[in-house]
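A.B. asks: Please find one structure pasted underneath; my questions will follow.
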Amino acid sequence: MDTFCSVIKFENLQELKRLCHWGPIIALGVIAICSTMAMIDSVLWYWPLHTTGGSVNFIMLINWTVMILYNYFNAMFIGPGFVPLGWKPENSQDSMYLQYCKVCQAYKAPRSHHCRKCNRCVMKMDHHCPWINNCCGYQNHASFTLFLLLAPLGCIHAAFIFVMTMYTQLYNRLSFGWNTVKIDMSAARRDPLPIIPFGLAAFAATLFALGLALGTTIAVGMLFFIQMKIILRNKTSIESWIEEKAKDRIQYYQLDEVFVFPYDMGSRWKNFKQVFTWSGVPEGDGLAWPVREDCHQYSLTIEQLKQKADKRIRSVRYRVIEDYSGACCPLNKGIKTFFTSPCTEEPRIRLQKGEFILATRGLRYWLYGDKILDDASVEVVLI
């Protein structure tokens, strides 16, 4: 009930602005098209409501739509949970293990990271998702994952309706010649005739909705399996990357140490319960976390500090030789640079000839790193 009330009040009506973004517009558009066309096809041409099966099928379609939208809006409006502004650990000595965020004027709690899009430090940040125009993190990880599960299931049901509608409506209209197949798009030869004939426009709309449903099933289904893989290990996408960098750091310096991820409870079921609960409220407060016996609360943050220092050592300093406007896909830098632009919403920083950057990693045509201003680096830059 508390979750439902938070959705109704939105806590802050400014959250409604999240809908005014290409991600939610496309996502809600796909949901609306697939749901509407599935209901229309089912009632008018495939499985009428006056039959028991048709009624059950229609209720299931409505049920899919409601559950998908409920979890989608939960993930969007409840949000991931943010580290309180000005937060610091209860024990002042623990601050030596934490990074300080100048934007939030607070220490970054364990498992939290600063999101440039949200402009806040996010508790247990997994990633910033453009489809919900919000971060996926501590409070909304379960709702987001349920949305990734329900959307493909609903689309599979809708795709079945689309295929069966086209099959039943076109079955008696196919005329096979020696070299061609002709389709008669007149009214169906069945009794009783449908109220609205299944014409060319209906066929085109159904085929388009089928394409959306299949594409969504594949794309969102893959995201669901990726999320479940890291949830069962009690990780986030960012923490998986940190673990990879930890192993790379140990191998690079040939150190006699083994990195142990501190939040893996040793059981998939225990890891699963860290995100999914019967009450819908995740365990803990988002600031402190249970850890393995051989680790402590700041094991991961200490590793992040080591990687930050290592990043400075292994970075390469470059001097800018051409002006760059900061465009997402620059047309004046060559066709290959244009088409290999990274698929990320991270801002591209405007550069001028003679400035310096500190590159931490790079692709063939793009570099990732820090822009240096007066011996101080600011923001991640893509050039």
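Glycine is no exception: its Cβ is also placed from the backbone N, Cα and C atoms.
Grabbed the feature section from TrEMBL, which reads as follows:
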type: TRANSMEM; residues: 25-47; note: transmembrane segment
type: TRANSMEM; residues: 53-73; note: transmembrane segment
type: DOMAIN; residues: 96-242; note: domain 'Palmitoyltransferase DHHC'
type: TRANSMEM; residues: 146-167; note: transmembrane segment
type: TRANSMEM; residues: 195-226; note: transmembrane segment
A.B. asks: Can you check how the pLDDT averages out over the domain 'Palmitoyltransferase DHHC' (96-242)?
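C.D. replies: Mean model confidence (pLDDT) across the domain 'Palmitoyltransferase DHHC' (96-242) is 86.
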A.B. asks: Per DSSP, what is the helix/strand/coil residue tally across the domain 'Palmitoyltransferase DHHC' (96-242)?
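C.D. replies: Secondary-structure composition of the domain 'Palmitoyltransferase DHHC' (96-242): 73 helix, 22 strand, 52 coil.
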